[in-house]
Amino acid sequence: MPSSRVLKIYQYSSRVVPILDWIVSYKKEYLIGDCIAGLTIGTILLPQGMSYAVVAGLPPVYGLYCTVPMIIYSLLGTSKHLSVGPVALVSLLLANSFPKGATIFQKVFISNAITFIAGFILLGLGILRLGFIVHFVSHPVISGFTSGAAITIALTQLSSCFGYEIDSSEFAWKLVYETFRKIAETNVATFLFSFGCLIILVGLRYLPLHRWLHLPQLVPQTLIGSSAPLLTSVLSICLNYFLDLSGKFGIEQVGRIPSGIPTPAFPKLSSLNLSSYIGPTFAMVALVIAESMSIASALALRYRYHIRPNQELVALGTCNILGSIFHSYVVAGSFSRSAVNAHTGANTQVATMIASFVILLAILVLMPLFTHLPKCVLSCIVIMAVFNLVDYQEAVYLWRVDRRDFLVLLIAFISTLCAGSLYGLLSAIAVSLLMMLYATYRPRIKVLPKDATRREGLVVVNNDNSSSKNDASLEPLCLAVSDNLYFGNAGSFQNKLFHLVEKERKIRRIDIVLIDIKGVNYMDSSALRVIRAVKEHLKLQQIELLFCQSSSNIHLKFCLAGMSSNSTLRNLEEIFMELSNKERKKMEMLQVHVVPEGQQSSSFRPLEFLYHNESSFVRVQNNMKRSTSAPQFSWR
């Protein structure tokens with residue numbers, strides 16, 4: 001008994017803290033890959049974190065305070081390869097959320113508060129098991145926003161490569177205008193130094209140096225390209241220190257960077273006007289979810305393991321809550337670093353732990369060495385990092401496959417460039433949701449084909465044994481609905497049904513409209529009300545509305561609405577096959593005589609049909625209406 005209780009406690013604990021699940025099965029063979037991947041990610045994040053902090057409008061060292069969030073994620077996350085930390089798009093959103101003219105102290109204060117609130121929202125979404133909301137942000141939206149934001153980020157750093165500063169802005173057109181307006185202030189030495197750094201970064205990333213240098217297979221092929229930012233930074237520091245480029249040519253350097261981790265402090269939310277930051281915070285949350293979950297899901301699919309979306313939200317939320325206490329700003333999963341983490345051999349989140357220790361060591365010991373790092377190098381690293389975020393291949397693919405999704409991507413891209421990152425993301429999400437609603441606004445109603453066999457079963461012959469041209473076939477108008485019906489498309493369903501009925505009545509007389517609803521899985525009360533109104537309207541025109549092939553939940557709703565007999569017909573094929581096999585000869589010999597009201601025809605035999613009532617079949621007979629006009633059938 002105690003052992004089973006301990007086992008249950010362990011199983012529950014391993015679900016809350018996933019490291020308890022995989023650490024017991026950790027193999028020593030995993031350690032080499034985890035060490036290489038951890039050292040690689042640490043060396044990438046060291047200059048990249050400082051660069052992203054500059055994009056966010058914070059001092060460079062604040063991009064390295066992500067050590068605590070990285071450790072927390074390695075304990076709580078379910079992805080083996082996701083690398084969390086500062087990312088370019090979140091940094092841009094954070095920079096645009098600061099009020100104009102804010103000091104560094106105010107920016108740090110606001111950053112800590114936003115990070116705490118974002119973490120609390122993520123944690124709440126995970127606890128409430130709302131991880132499915134990530135699917136409401138389509139990939140074209142993320143692709144268009146990412147491409148537009150990447151260009152905006154590159155434009156914010158372009159002036160630094162020319163050696164002068166411009167006013168910060170979230171509008172791409174304004175950044176372009178300000179950059180070229182001050183082009184005369186260009187520092188030639190800074191421009192040439194930046195150009196050289198970009199050449200080195202491109203060369204280290206794309207040239208096959210691993211093959212040219214004949215490196216052993218143990219060294220990952222992506223190691224040189226991944227280490228390009230750190231190698232470029234070290235080379236720039238050495239050149240600036242020994243040649244005194246800052247003193248001689250005016251190349252601006254980073255300056256003194258404080259060492260060590262600052263004293264933990266809980267964000268003071270009471271002294272912050274939270275209403276001013278709700279929009280940016282939710283936009284950052286949406287971006288964190290979309291970016292982190294998409295890369296985690298893709299890597300899990302590629303390497304054949306499972307992630308738990310709700311647990312991922314809990315992990316990301318806890319990361320940001322505790323990170324805000326240690327002065328980290330909003331962290332998310334990184335596309336580039338996660339891909340490198342997987343390619344360099346990471347097997348578990350031990351790689352993330354090693355990377356966090358590399359960053360921690362740099363904060364404690366190596367910060368004085370970065371004093372002589374030119375600022376333009378950080379800008380070049382950012383430009384190179386966001387270059388791959390411009391997803392032009394997705395635009396070409398969507399243009400070829402789905403023009404509607406291409407339009408969504410284009411709207412997201414243009415709105416991000418013109419209206420800023422926040423409103424660009426929100427407008428793109430709104431357009432995506434409107435497209436989704438538009439796709440369901442018009443339910444698909446298909447007219448089922450008529451073949452000769454079916455028509456033979458429902459032909460009416462007059463009393464002189466000659467076929468009359470004025471007597472139309474009494475075959476039902478057979479339709480099929482393949483979309484769910486709800487308040488948003490019930491009106492469209494009604495209009496389209498009336499249109500099809502009127503169109504068919506111009507050709508022949510209709511007594512029955514039979515609708516196949518096997519493709520309908522959901523129907524709300526508004527749709528039921530509309531169906532009742534449609535049924536009553538058609539009844540006034542001597543037309544009966546019937547449904548067949550309903551699912552069990554739709555059948556229950558029809559029963560509760562008092563329309564059960566109209567939802568339980570068997571499928572159309574069985575109905576017409578029964579007519580063909582059992583009633584064909586009888587119908588061929590049947591002569592319908594026009595008789596006065598109240599009299600019976602001795603030649604009349606009521607037709608019989610099978611209605612499906614859950615597990616049993618109930619045989620129901622129909623009556624034939626008679627009048628002085630043309631004969632017609634009615635099924636009740």
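For all residues, glycine too, the Cβ spot is worked out from N, Cα and C.
Note that the structure is a prediction, hence the values are computed from the model and not measured.
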In TrEMBL, which of 7-24, 313-330, 511-528 is tagged transmembrane segment?
313-330
Where DSSP helix means H, G or I and strand means E or B, what are the helix, strand and coil counts for the domain 'STAS' (479-581)?
54 helix, 16 strand, 33 coil
Listed stretches 110-137, 188-207, 350-370, 406-439 vs the transmembrane segment (277-301), most Cβ pairs under 8 Å: range 110-137
Taking only the residues in the domain 'STAS' (479-581), give me the average pLDDT of this model.
81
Maximum Cβ pairs under 8 Å to the transmembrane segment (350-370) - stretch from the list 82-98, 110-137, 188-207, 406-439:
82-98
Give me the stretch from 82-98, 110-137, 313-330 with the greatest number of Cβ pairs under 8 Å to the transmembrane segment (406-439).
82-98
